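Pulled from TrEMBL:
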BINDING   84, 85, 86, 87, 88, 89, 90, 91  ATP binding site
COMPBIAS  10-21  compositional bias 'Low complexity'
COMPBIAS  212-224  compositional bias 'Low complexity'
DOMAIN    63-435  domain 'UvrD-like helicase ATP-binding'
REGION    1-21  region 'Disordered'
REGION    212-231  region 'Disordered'
């Protein structure tokens with residue numbers, strides 16, 4: 001069991017429950033979450049009950065509800081999970097459930113709370129509920145609720161310190177420490193790879209005598225997340241030349257990466273109520289104690305042998321310690337509250353009784369994105385005064401582990417909420433977004449991970465179609481050409497999403513645009529999501545570029561997945577976590593590339609009409625081999641190279657004179673990480 005057997009229906013000990021959240025993750029990590037979820041779908045309501053419910057509720061948003069949707073609404077229990085596949089109408093069900101509560105007198109508007117993860121989705125939800133019911137129902141983000149709780153509990157007008165303030169405080173503290181503390185400079189230097197230490201030492205020696213701007217990045221320290229492709233700091237500087245100019249450039253890249261790591265870690269420390277001393281204990285226990293299996297596993301799996309990772313973590317904590325102290329001091333001095341720590345602060349205020357709620361029904365949208373701190377806030381509210389929980393989500397679309405989301409909270413839903421009785425689960429399986437072939441391809445692909453809930457989506461039109469197509473090229477220039485040729489064939493005024501695994505994947509378009517065919521406009525200039533690409537030959541097309549993460553929740557007519565390449569920064573990404581961050585984030589899953597697979601599923605399910613996979617034929621993504629086997633017709637005309645039997649990456653033809661004859665053989669494109677070879681046959 002992930003949660004201990006309750007003494008009563010409602011937990012009463014805040015501290016015990018808080019430790020249970022960590023225990024849940026540790027227990028799950030120890031077992032590798034290998035068992036298929038135990039919660040089975042609740043049977044649909046009888047025809048008689050459906051008829052009565054339909055008479056009470058009527059149409060929602062101008063449409064009659066399906067039997068699945070109405071069963072979830074009228075059959076909801078005390079703990080309800082609605083598994084809503086992509087395009088199955090989850091927002092309609094949330095709206096309908098609120099309307100049902102009001103129409104049946106089960107709740108008054110002020111007793112209902114709808115929680116979402118973004119302000120835009122919360123505002124949309126509130127507007128749609130008011131349009132449906134004529135009533136104002138509270139729909140807000142977790143952070144908005146957290147701020148309300150903190151302000152109500154303290155009676156103060158707290159200052160909200162946003163991420164930009166965190167950046168400034170941490171950057172200023174880093175520069176000041178570099179300028180004033182020789183030991184700190186030496187610690188930073190010691191974290192560099194030995195191969196580049198010489199050039200850095202010369203540069204750093206100059207800064208010991210005076211200016212530290214070269215190390216600190218001057219007045220502007222950016223987010224150089226695209227600099228490197230291996231964990232930790234200074235990964236982009238591995239090939240820096242010995243010259244002072246090259247060393248200074250590498251130094252700035254190193255400072256950018258270090259500060260990006262520091263900011264991220266500090267945010268997660270605040271969100272999880274951890275300080276530097278607590279992280280040091282976790283780091284030590286990660287190798288020397290069985291009490292923290294998640295921490296121990298993270299140290300080992302993310303950075304090789306545990307002792308090496310623990311030493312590196314200790315050094316990085318020493319770098320972060322004065323930055324964290326400066327940030328906490330700024331919070332106190334400005335009577336501020338930050339987004340990262342807001343939820344943890346709100347949990348404390350609820351548990352000590354400084355905030356009392358009056359909710360009888362709480363709805364959670366996008367439940368698969370729930371983090372442990374957010375889960376603790378819901379638990380704290382239920383401990384104070386119980387309410388019906390109605391959660392809507394899709395485990396197939398859980399893609400935000402880097403932000404703290406824990407997929408176990410949806411996979412183990414009945415165990416997480418067992419203190420409040422049994423759970424019910426309903427499925428929404430009829431999608432109105434995409435077509436049969438894409439339903440089949442995406443479903444079979446994501447369900448290769450047997451730890452997920454088994455679902456089978458359908459659509460109203462069962463006619464066979466060709467809504468998946470691979471476009472291939474051996475070079476980036478060839479892939480650019482096939483993309484532009486396909487864009488030229490699209491129907492007028494079509495909406496198009498160009499998706500990348502990384503923001504830098506837009507380079508496939510911009511770096512190969514020799515004739516100036518595209519203009520990239522910044523986000524927000526025309527009110528749309530993502531960055532707009534204006535195609536000179538087809539200005540009627542609404543083309544947006546964004547990362548797959550940013551595209552979640554959006555839909556379009558056509559999708560081009562640009563990043564179907566292998567390698568460390570391919571798709572799936574093989575960039576490992578910073579080992580120290582691995583101590584804080586939820587434990588990685590045992591199934592290989594589990595979250596990357598779900599991320600690819602999200603990319604595949606954005607389009608209404610057709611998905612184009614832009615395949616690097618020289619080094620295709622490992623996922624492309626699977627999709628070729630699932631839907632071979634989509635890859636007609638796009639051949640893939642042989643696949644390495646050891647690591648799954650592509651093989652490439654190589655030549656070595658020492659092998660005799662013409663010296664031709666196949667070698668793995670992942671070399672030197674994978675040394676597999678085989679002779680040509």
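Just so you know, glycine gets a Cβ as well, placed from its N, Cα and C.
Taking the binding-site residues 84, 86 in turn, the residue surrounded by the fewest other Cβ atoms inside 10 Å of its Cβ turns out to be 86. Cβ neighbours of residue 89 (ATP binding site) (same chain, under 8 Å, six or more residues apart in sequence): 66, 69, 428, 432.
Here the binding-site residues are 85, 87, and the one whose Cβ sees the fewest other Cβ atoms within 10 Å is 87. Counting every protein chain shown, the number of other Cβ atoms lying within 10 Å of the Cβ of residue 88 (ATP binding site) is 25. Annotation for residue 90 (ATP binding site): same-chain Cβ neighbours under 8 Å, separated by at least 6 residues, are 82, 84, 365, 392, 393, 394, 428. Excluding the listed site residues 84, 85, 86, 87, 88, 89, 90, 91, the same chain places 394, 428, 431 with Cβ atoms within 8 Å of the centre of the ATP site Cβ atoms. Secondary structure at residue 91 (ATP binding site), taken from DSSP and collapsed to helix, strand or coil, is helix.
The secondary structure of residue 84 (ATP binding site), as reduced to three states from DSSP, is extended strand. Looking at the domain 'UvrD-like helicase ATP-binding' (63-435) alone, the prediction's average pLDDT is 82. Around the Cβ of residue 91 (ATP binding site), the same chain contributes 124, 125, 128, 365, each under 8 angstroms and 6 or more positions distant in sequence.
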